[in-house]
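All remarks here apply to the structure that follows.
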Amino acid sequence: ATNMREQEGLLYCFRALCCKGPPPARPEYDLVCIGLTGSGKTSLLSKLCSESAENVVSTTGFSIKAVPFQNAILNVKELGGADNIRKYWSRYYQGSQGVIFVLDSASSEDDLETARNELHSALQHPQLCTLPFLILANHQDKPAARSVQEVKKYFELEPLARGKRWILQPCSLDDMEALKDSFSQLINLLEEKDHEAVRM
């Protein structure tokens, strides 16, 4: 009988230890982050990872960052935005569950035009077209920055992205709260997409 009791005692201890255990795992999502060189992709992601955004070097190939949020971990594959790299972007799209597109809202007309073309081709790309998009109009702290309304109009988001899930948000490195809020909205879209996949 002692043996039984000891075993029960052990089982009880084991349960107490096990059931407390680590908190439930946060869902992880794989995202791709694109945008022209100088739009601020690396700085924004570094800041979200609580790294210093001071000595940021432009990404030449691609880099992957795990960005932790309270309710999810985003594994962000950031692709360099230089002319000679952009043509290879689509090689890295596979497996993405969402897209972050960063644009410099204070850039020249030419760069804005290029950014618009890149965003349009991403929105229409077969591997991305069904995914949620977070479009960040960065550098809102600069005097030349265009408002979100101007960006929305210039990028013709209404006709092009109608029926798609996209969020267009202003951002700058100065306002981390707003940036985190934008990402929370993206996480909501990713969760919705997850539930839909389960229902299908």
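Glycine too: its Cβ is placed from the backbone N, Cα and C atoms.
Here TrEMBL flags Gly35, Leu36, Thr37, Gly38, Ser39, Gly40, Lys41, Thr42, Gly81, Asn138, His139, Gln140, Asp141 as GTP binding site.
Look at TrEMBL and you will find Thr42, Thr59 tagged as Mg(2+) binding site. Counted within 10 Å of its Cβ, the other Cβ atoms near Thr42 (Mg(2+) binding site) come to 22, all protein chains included.
For the pair Gly81 (GTP binding site) and Thr59 (Mg(2+) binding site), the Cα-Cα distance reads 8 Å. In space, Lys41 is the closest of the binding-site residues Ser39, Lys41, Asp141 to Thr59 (Mg(2+) binding site), judged by Cα positions.
Of all Cβ atoms in the protein chains displayed, 14 besides its own lie within 10 Å of the Cβ of Asp141 (GTP binding site).
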